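Checked TrEMBL, it gives:
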- 184-203: transmembrane segment (TRANSMEM)
- 210-228: transmembrane segment (TRANSMEM)
- 240-261: transmembrane segment (TRANSMEM)
- 273-293: transmembrane segment (TRANSMEM)
- 299-316: transmembrane segment (TRANSMEM)
- 328-351: transmembrane segment (TRANSMEM)
- 357-379: transmembrane segment (TRANSMEM)
- 524-611: domain 'Histidine kinase' (DOMAIN)
């Protein structure tokens with residue numbers, strides 16, 4: 001064999017030796033289960049085991065299967081060999097149902113407080129003992145366990161493990177965590193959630209599901225306490241305690257089933273009343289006759305499980321029909337507790353063999369699912385409230401804006417009505433006062449017996465009269481359309497031109513329901529009146545035409561006659577009348593075009609129908 005091959009064999013040999021040493025070490029430290037024991041039944045007051053009457057049993061042992069009527073004490077005797085008394089060993093006792101005392105080689109190493117009624121309880125908690133010299137003997141060692149119990153509550157002794165302290169301690173810690181710590185955590189969590197949901201229900205009485213889950217969690221915490229309780233205070237008998245535990249389990253199942261119904265917005269009032277009546281009757285029987293109820297306490301637990309199964313079955317159907325995230329989460333979180341409760345029920349009625357109840361440990365998942373579902377519902381309600389508040393704020397803002405607009409519009413209307421009323425009052429005053437005086441002055445001048453007044457003075461008075469008529473007419477029909485505003489002028493101008501033998505035609509195109517603002521309307525009336533007056537005074541025409549057309553956002557005005565026209569030298573800017581017409585056109589934001597020939601004169605005006613931001617000037 002070459003040197004390289006020999007060098008390669010060295011680590012392989014070392015690895016084999018290490019594995020062999022580890023196997024020997026594991027074998028040396030592997031705990032040993034003591035499954036063979038001897039048992040003997042005695043009375044309540046037995047202080048020492050009897051010398052005879054021992055029966056061989058296998059651990060774990062439930063003596064009710066062997067002695068169904070035995071209520072009292074059973075002694076268990078176990079032996080093991082110890083090669084080295086100086087080497088410490090550890091013992092783990094899985095459970096002692098219900099109370100017990102433990103002796104090693106005649107020395108007491110553990111004892112529950114009450115070995116007679118009211119019995120202490122150590123049935124769900126493992127016990128760990130570290131033994132060393134001088135308690136240990138070389139060779140055979142004797143372990144004696146005195147167990148006190150009642151046949152109807154599955155009394156007996158669990159598994160016994162003996163071995164190296166480190167291995168037994170690790171096993172003890174695991175068993176303690178599963179059988180004690182998880183249930184203690186479940187109690188604290190259930191009480192916390194019960195208090196929280198109760199507070200929510202007190203603040204929101206209409207949401208009954210919060211009250212029901214608070215009751216369910218509180219009753220469940222009382223049931224879980226059965227797994228960690230060391231004493232049965234304030235009860236004086238185990239029957240009373242077991243009745244209390246059974247009622248708590250029954251009420252927890254019924255309350256949780258009702259919570260599932262309420263969460264799904266379901267109400268089966270007749271069924272719920274019958275279930276409530278059954279729970280009330282069972283509770284009264286348990287309170288009045290706890291010993292009788294103790295014999296049938298299994299039915300209390302069965303009723304609680306059936307209530308729970310019925311609620312979960314209904315909710316499963318509801319979740320399938322309405323697969324919301326909260327429904328699915330709540331249903332999934334009930335799957336493991338349902339299986340655990342089925343296991344515990346079978347274990348309780350001896351349908352299967354075992355030594356650990358699982359529902360208390362799995363209840364955390366059910367609690368998590370219920371908490372998530374309720375939190376989801378609360379968050380959803382909060383979001384709906386926030387959305388409603390946002391919508392309400394938007395609606396309030398819209399209503400406020402609408403109200404402000406309405407008030408502003410009413411305010412403007414009130415101001416407009418006030419101004420209109422003031423204008424009407426002024427117009428009436430002008431008509432009754434200044435207008436009457438002006439008409440009387442013109443009449444006196446025309447009918448004066450003396451020399452005729454100057455034509456300029458009379459013309460000025462008539463122009464003032466005509467302009468006053470325009471102001472009065474425009475003010476009286478301020479709220480009407482263009483057609484209504486032109487009606488008085490059409491009537492007067494038609495009569496005026498008819499006296500001079502001039503036929504006047506009016507053409508209004510696309511101006512129905514069209515309105516101009518007051519200032520622009522008055523300027524238009526003045527423009528038309530002045531143009532028609534010029535025809536009457538200077539044209540020598542026999543026909544005249546006025547055409548007004550609305551073209552989009554413009555108003556086109558045309559005044560034409562068949563008279564002798566305007567002399568070319570005066571067609572541009574000559575004449576005060578023509579200059580006045582140009583000023584009025586500019587005041588309306590438009591432009592005036594004059595076309596004159598020997599066949600007549602035509603005035604074309606175009607101005608926007610909407611006022612510009614520049615102020616209108618009154619001519």
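Every residue, even glycine, has its Cβ placed from backbone N, Cα and C.
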List, by number or range, the same-chain residues at least 6 past the transmembrane segment (328-351) whose CB is under 8 A from its CB atoms?
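For the transmembrane segment (328-351), the far contacts come to 62, 65, 260, 263, 298, 301-302, 305, 308-309, 312, 315-316, 319, 357-359, 361-363, 365-366, 368-370, 372-373, 376.
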Give residue numbers and ranges for long-range contacts of the transmembrane segment (210-228): same chain, 6 or more residues beyond its ends, CB-CB under 8 A.
124-125, 179-180, 183-184, 186-187, 190-191, 193-198, 200-201, 204, 241, 244-245, 248-249, 251-252, 255-256, 258-259, 262, 357, 360, 363, 367, 370, 374
With the transmembrane segment (273-293) as the reference, find which of 184-203, 240-261, 299-316 contributes the most Cβ pairs under 8 Å.
240-261
With DSSP helix as H/G/I and strand as E/B, how many residues of the domain 'Histidine kinase' (524-611) fall in helix, strand and coil?
31 helix, 33 strand, 24 coil
